[in-house]
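Annotation comment: TrEMBL describes 1-31, 93-133 as region 'Disordered'. Annotated active site, proton donor/acceptor per TrEMBL: His273, in sequence order. The active site, acyl-thioester intermediate feature in TrEMBL is assigned to Cys336.
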Amino acid sequence: MSRHRAQEPEDDETTTFPRVADPAPDADAGSITSVLPIIPADATTVLPVITAYGPAASDETTQLPRITDQTSALPQVVRPGPAVATGRAVSTDETGLLGAIPPAPPSSPEDDAKPSPRPRWSGEPPPPPVKAIRAGEKNYRSIHSEYTRTTVGTVVRSTLRGTGELMITFGLVILLFAGYEVWGKTAIVDAHQSELEQQLNWDEPTVGPTPSVSASPLAPLPGNAVAKLYLPTLKKHWVVVQGVTQKDIRFAPGHYPNSAMPGQKGNFSVAGHRNRATFWDLDKLKSGDKIVVETKTAFFVYEVVKQRIVLPTAVEVVRAVPPTMEAGKLITLTTCNPKFDNYQRLIIHGKLVDEQPRSEGRPVELAGMA
């Protein structure tokens, strides 16, 4: 059966052409114009039905009409009316229509039986098998029950994993605290040292009432600045405050209240924290290094004679005459040992070797220091 067939005249308004009237007489041979025939308004004709593909039969051709009149006239084409028989709306466009696209052929059972192509493996593990476990009257456990059920192994793994995470977190906290103790306090101590230097009022005293001869100098109040301590070997200097409590020596070295003052006979003893802002490198002092103390009236130059490590209970190191030391004008510096710990004490002993009034300027040992 052929896929194509000629449409019936009633099916589409585009399949009809106007039928030509009776043949017209031949035109004069000398005429140079061609006149189209006048076509009656109701005359129509139907295209021949093509029965098969291939060359057209000799009897399936049509002849052009002869011109019946010498006047020029165009055929009157009457637009067809609505095709009532087909029930379709009248075409408002006289252009060609696209053919209908035939539907896809139905799939056969053999095609349905063929497996779909397997996607390429992305490298990720496949999802766990889905299996719901009933845990009660109306509840179910996780759909991945094969991987989430509680066993001895899962309990051990969860415990070890949680313990490891806690230990890592605790270690990070310790590192942050150590970093603050080593580097964070330096800026804070430096700021407080600047404030303490402003407390040292060493300008020339104004004229005032003469104190009584029997009056003795008052001891500095705890936390007040008493002197400046210089370590030329370490290029460091600090303001020394009165007192050795944690509050007193938080931002500065402190003077033991019961020990001698700078330049006096006895032991001028000073304690300080083992942080980068204070006595961090005190262990680098060796015998022969100089220690300079500045007061309101003079500079006192001490020389290191001994370094040792003792227990915190060895309080005799700050006595007027420490063990293994001879009586005289001494100085003792104490701090924690080792670094980051305090179960020992690092001790530096020195003796006075020079004294210079402030009016004569700074001693040569402080050359190059601020």
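Backbone N, Cα and C atoms are what each Cβ position is placed from, and that goes for glycine too.
A simple way to gauge crowding: the CB of the residue listed as 'active site, acyl-thioester intermediate' has 20 other CB atoms within 10 angstroms, across all the protein chains here. Reduced to three states, the DSSP call for His273 (active site, proton donor/acceptor) is coil.
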